[in-house]
Amino acid sequence: MARGEVSMCTPAFASRVVKSRWFVVYASIIVMAASGSTYIFALYSKVLRSKLGYNQETLNKLSFFKDLGTNVGIISGLVQQVAPTWVVLLIGAGMNLAGYLMIYLALTGRTAPPPVWLMCFYICFGANALTFSNTGALVACVKNFPESRGIVIGLLKAFVGLSGAIYTQLYLAIYGDDAASLVLLVAWLPAAFNIFTVYTIRVLPYARRSDGGKPYNTPFYHFLYLSLALASYLLVMIVVEKQVQFSHAAYVVTSTALLIILFSPVGVVVREEYKAVSQLEESLQNPPAIAVEEPKASSADGGKDGDESSSSPPLCGGGGMCRCLTNMFKPPALGEDYSIMQALVSVEMLVLFVISVFGIGGTLTAIDNMAQIGQSLGYPAKSINTFVSLISIWNYAGRAGAGYISEFLLVRYRMPRPLVLTAVLLVSCIGHLFIAFGVSQSLYAASVIIGFCFGAQWPLLFAIISEVFGLKYYSSLFNFGSAASPAGAYVLNVIITGRMYDAEATRQHGGVAAVGDKICKGWTRNFYRGDIYAKFKVAPAVASESSEGSSADGNRVEMVEETEGKSKSKKEVVNQDLY
């Protein structure tokens, strides 16, 4: 090997790659790609309904506890503050395996059917594991790349958005079209990925590398291009699978290709480290002149970096309980490090909480009920699976787009991220209107819009929290911020949607409680498909038969009776359609 040439086939180089900041991003991508099992609830919710005899309100209650576990990561945030990242990831792996495995055993009859409260606990416990994975990976990457936090958050959350479509492909290849086995895949796959990356995801010393004063973001764009390739592949597979009947062997082949694309970002890491080693070798051969300056005394010693490593309690920032209560309502300037209590009582966090309740909660309600919405509007089962996959793809697009575009707008035009978040909320209203109107084939457009807007809200929310409240207690604060969406999902999904659905389904089935496979059709959908003015169209013909003696009166009476009979017959047909 010539002098100055770098070999990639050495243990030293491999060790350098695994210990690099870019490999932390790659490992976090893998973890995030398995952390979106919460978005495929619609695929196995029908099995829960049929095998365990749940009605829609109970199903939505399970969905709420799933969302509660997924989004309330206060414990994982506090653990991240005091323990290394590998501990956080291992806790998440154990919780995920335990929670979803118990659901699988109940679905397959290997255990007695558990009461509803216990099933709620299982799904909440298993879903809460995802907060440990998200906290460990996201916080490590944001602290390793603080000048590119919008891009980092958007990229990582984008792979969470893709995970729903990834799960759909993998479970068809591994288990076939068996929705109960999908729960088993959800149990072991995230745990396996967490264990695989447990010692590589960590916070590293931050050394700024810049080109012309700007952060070095080129590898992030390469990661984005590969994620676009993965998303495009999944989108093509969704379309093809809708048109062509795939065999199990075909699913194995397509899923193998999927895994190759998923793991391909490691090439970006290898290339970056190869470039770094090559530049180091070149600099050693031609050492630059070094100017030595006397160190300057600074009153900033023990400043911000010192605060990062201080042992002050995270809730109040130190100084005792009295000082904690006093400082709670005296926050620092925006962008400085807030204590947890200072952030929680701030107006900014209150606004973000309300946005999460209605924005994320509303779109999540539509996503969790997409299967029932599709059934109600008469879409076939294959189309319903397509909706779930489309939501996953556009969920990815929203996350990646919001992260990268908002970062560009912020750096180039100083456009505030909250303004971008407001625009996303307005667009999401269009998707809800598509569902409400029930226009033919409009559910495809609704799934695209709602998936995009749901995904876009997350990186914007997390980036705003990091920018407004600082990074010192970021692991706790972003979990506090995301905890608002389950509150919105409970009100909109369980209390409103679930109860209205069951009440109407019960009425449509003759007063019999709607459990199991009994579904609700649209209240007035079939009614308005018919001619609702039919009874008025015969009235002029009757009125034109003016009184012409007793025989005419008799004929008119017969016509009226015949008309009433036809009207009654039509009414019965309409009623049958409604039921």
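Glycine too: its Cβ is placed from the backbone N, Cα and C atoms.
TrEMBL annotations: computationally assigned, not manually curated.
Per TrEMBL, the feature compositional bias 'Basic and acidic residues' maps to 555-579.
Across the domain 'Nodulin-like' (21-269), the prediction's mean pLDDT works out to 88. Positions annotated as domain 'Nodulin-like' by TrEMBL: 21-269.
TrEMBL lists 343-504 with the feature domain 'NFD4 C-terminal'.
Taking Cβ pairs closer than 8 Å, the transmembrane segment (23-44) reaches residues 17, 63, 66-67, 70, 89, 100, 127, 130, 133-134, 136-138, 140-141, 144-145, 152, 155-157, 159-164, 166-168, 179-180, 182-183, 186, 189-190, 192-194, 196-197, 200-202, 204, 219-220, 223, 262-263, 265-266, 268-269, 367-371, 384-385, 387-388, 391-392, 395 in its own chain, all 6 or more past its ends. The feature transmembrane segment is assigned by TrEMBL to 23-44 (among others).
Annotated transmembrane segment per TrEMBL: 86-104 (among others), in sequence order.
Distant neighbours of the transmembrane segment (116-142): 24-25, 27-28, 31-32, 34-35, 37-38, 52, 54, 58, 61-62, 65-73, 75-77, 79-80, 85, 88-89, 91-96, 98-100, 102-103, 106, 149, 152-153, 156-157, 160, 186-187, 190-191, 194, 201-203, 462, 466, 471, 474-475, 478-479; these residues of the same chain sit at least 6 beyond its ends, with a Cβ under 8 Å from one of its Cβ atoms. According to TrEMBL, the feature transmembrane segment maps to 116-142 (among others).
Marked as transmembrane segment by TrEMBL: 154-174 (among others).
Sequence annotations record features per position, and here TrEMBL assigns transmembrane segment to 180-199 (among others). If one looks beyond the transmembrane segment (180-199) by at least 6 residues along the same chain, the residues whose Cβ comes under 8 Å of a Cβ in the stretch are 27-28, 30-31, 33-35, 37, 40, 43-44, 47, 51, 86, 89-90, 92-94, 96-97, 99-101, 103-104, 107-108, 126, 129-130, 133, 167, 170-171, 174.
The feature transmembrane segment is assigned by TrEMBL to 220-240 (among others). Non-local neighbours of the transmembrane segment (220-240) in the same chain are 25-26, 29, 148, 151-152, 155, 158-159, 162, 165-166, 169, 254, 257-258, 261-262, 264-265, 268, 386, 389-390, 392-393, 396-397, 400, 404; each lies 6+ residues outside the stretch with a CB under 8 Å from one of its CB atoms.
Look at TrEMBL and you will find 246-270 (among others) tagged as transmembrane segment.
According to TrEMBL, the feature transmembrane segment maps to 349-367 (among others).
According to TrEMBL, the transmembrane segment annotation covers 379-397 (among others). For the transmembrane segment (379-397), the residues of the chain that approach it from at least six positions outside its boundaries are 36, 39-40, 42-43, 158-159, 161-166, 168, 227, 231, 234-235, 238, 242, 367, 370-371, 443-444, 447-452, 454-455, judged by C-beta separation under 8 angstroms.
Positions annotated as transmembrane segment by TrEMBL: 418-437 (among others).
Per TrEMBL, transmembrane segment is recorded for 443-465 (among others).
Contact between the transmembrane segment (154-174) and the transmembrane segment (349-367) is absent: fewer than three CB pairs lie under 8 Å, with pairs separated by 6 or more positions in sequence. Same-chain residues lying 6 or more positions outside the transmembrane segment (86-104) and placing a CB less than 8 Å from one of its CB atoms are 31, 37, 69, 76, 79-80, 111, 114, 119, 122-133, 135-137, 180-181, 183-184, 186-188, 190-192, 194-195, 197-199, 201-202. Only residues 6 or more beyond the boundaries of the transmembrane segment (349-367), in the same chain, are considered here, and those with a CB under 8 A from a CB of the stretch are 39, 42, 67, 343, 373, 391, 421, 424-425, 428, 431-432, 435, 446, 450-451, 453-454, 457-458, 461, 464-465, 469, 480-482, 484-489, 491-493, 497.
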